[in-house]
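Trainee: What follows is a single structure, and I will ask about it in a moment.
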């Protein structure tokens, strides 16, 4: 149970010239809010324009005196706002991120009124950047590959896009400390060098500001892996605080070698406070930090049992867990949902950091991975995180590149897929016996 | 750097060492591993190593110390912010100390005469004030470089760029990261309220009437105004700072360098000065309380249910505006809240400390079954972690979001548990870690906390429903060495 984030829905309105990172921020913020359990959706007006105007011709569409263009763009904005209204007022969305340039005070006024009429709190996020290198890099990262420029060379695309930016510049009215003093907003300057924050109204806005102030765009990679195979893994038992098995120790050495070969600049290493991750980190021979919140999910009364023993001793619990693995809480233990809440500071610190290796546990790794790969709650508990495999995550464009590196030391498989829904009703003995081949 | 201790001496010798140095316990010696590896749950680290790795698993806050420099005209809340921030940082485990230059001045110039001391052309005054600033900086250096402090808060006006330059250089010379916190406010009502709250009672004005004091103080502010150079977006673009405007209406944040600065900014952006009260209480007496057993998830006893009704009545009588009610996710707090008949929010992080293997035991049973654990807990109750359970130190870490949200909120009633309540209370009353686990939080008693001046007023209201006493004081240190049986029997009157 988190703090009640919003009494009324929140409308986040992006503001800024093209290539200032609005869509990057929208997507990242949406991903974060969904992960912490706040239903959020982004609405990219450019996408509405692409759906309406099938083929993009040139920057001339965006000229301030292009009547036809203006008409279409306004139509798209209104269509997007309509979908926002449906999401927030009819579909139980909590936060909508309205991603468009919104560079004039007049446009923002329209959106603010829309928010007021519908009972939404409006929060503006403006990105201001004048550094030509940053803008050029953005264009390379996300514009050259845009559907708008699918038939252009890179040079043609860049030239057209720079002219597109010019179309907006004359009418651009940045959020002003005096003129906009009654609005709630954050103004992000130079990719996070400084921020101006005005009238934060509630908890969710405070969390959004904190998150936006911690993210950065410096290239780096995050390495996620589990501890080496443990003694309890070998016995098919869950939880506990066992040490590494022989193969687990081999993995630790392989991990050390792998890390050395990767030649990572200023790598930070994090572990949990359980023996198996600490022993794994020890083999690396570098300083590491222990986080209690990285400890494996607490299986409560089921700690150190095998799945068979759980099914035998707690058949109801066993069945309930398979029904809703994300929300299911072990008696006297935790749920994946609880895990996400305790891992939030880890995610926040991962956002602040650069190169990090996190040596953790199966359920914990699933939660972290779901954050980076934007996997919803239903899929999270079934993400594959096998032992002795490092996942290297590298942010790229609007998402994350994943490389999976198996370090060539065998280990048991601890993964349980979501059981198939049972097609026919079975007798009780058939169900608990777990007969294969009959819809199990 | 960050090396783990490895023992090569015989096991028994190592065990004695551990017991002496590491009261916080949940250790295992891996006898199958010839390198004699310790589970890192025990805190063998000296403070030096804490800077690289934290045994309680927090992010390493600072590689080098942080010097926070307050900036602003008088009566802009600098000391209020300094003290509050210092309290928060210490509570989350970052050793922090504030250095108020005005206090140095009061110590040097025994008797304050008038605002004329602060006139910009008063040579004598300027000399003394500079001397005080340097003395304070010297103490900062001693605290951060010799006494293992992590953060120092330098509380003075620091209103000229020149003065800030001096301090910044001082920070650089000593290897500190400098972070400026400026408070800018032009609202005359806010300034007048500040003067009433904290200036009229100042030692400077002990012999003055309120009107005399206010008049003098307003002239004191004037002395600074002409030379005031606020932090500027362009001129100061390379400094790390937060500029707080109009008591938190807006903020300008520039060049946040590391984790601790990020946390400081987040904290400063969440605090407010709107008058309100925080009510803390425990659940009603539970069935396990009656049996002298700790933890578990029991329901309320008969008297506990009575308390819940009394609490509902008390809350009604208080007539509190927009009261929020929070509970844990354990039955006994939820049942207590149910009696109030108002909406409430459940926080899992408000659950009682997890006593691990000792859950649902009596203290006698713990002493019998885990005598070593029992003794270790009394040695360092704050850091001691129950096997498969938690420590008070862990509790503080998981309660930090509660504190942050309490800062954001206004009137709140938190129905929680003994150890949890001790942690929250220690934050509001600035109690150090050694005292925290022994704070008195009896059942059926509401503590009403109201921020006032630089601190917190506490009213304790016993709701007149009897309950068992669950408090254990810190045992007296044993004066003589006892036989083992004498110790475990817990004889009263013999230093227990």
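Our numbering is plain: 1 for the first residue shown, then up by one each step along the chain.
A Cβ is built for glycine as well, from the same backbone N, Cα and C atoms used for every other residue.
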Trainee: For the substrate site that TrEMBL gives with B:282, B:283, B:284, B:285, B:286, B:287, B:288, B:289, which of B:249, B:255, B:263, B:332 also belongs there?
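Mentor: Of the residues offered, the record points to B:332.
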Trainee: Around the C-beta of residue B:284 (substrate binding site), how many further C-beta atoms are within 10 angstroms, looking at every protein chain?
Mentor: 30
Trainee: Quick one: Cα separation, residue B:282 (substrate binding site) versus residue B:352 (active site, proton donor/acceptor), in Å?
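Mentor: Distance (Cα to Cα, whole Å): 10 Å.
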Trainee: Tell me, what is the mean pLDDT of the domain '6-phosphofructo-2-kinase' (B:61-275)?
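Mentor: A mean pLDDT of 95 is what the predicted model shows over the domain '6-phosphofructo-2-kinase' (B:61-275).
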Trainee: Give me the largest Cα to Cα distance among B:282, B:283, B:284, B:285, B:286, B:287, B:288, B:289, B:332, the residues the record lists as binding substrate, in Å as a whole number.
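Mentor: That value is 14 Å for the farthest Cα pair.
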Trainee: So for residue B:283 (active site, tele-phosphohistidine intermediate), how many other CB atoms are inside 10 Å of its CB?
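Mentor: Here the count is 30.
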Trainee: Need the DSSP three-state call for residue B:332 (substrate binding site) to compare against my parser.
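Mentor: In the DSSP reduction, residue B:332 (substrate binding site) maps to helix.
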Trainee: Other than B:282, B:283, B:284, B:285, B:286, B:287, B:288, B:289, B:332, which residues of the chain come within 8 Å of the substrate site, judged by Cβ distance to the Cβ centroid of those residues?
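Mentor: Other same-chain residues near the substrate site: B:290, B:298, B:299, B:300, B:301, B:304, B:443.
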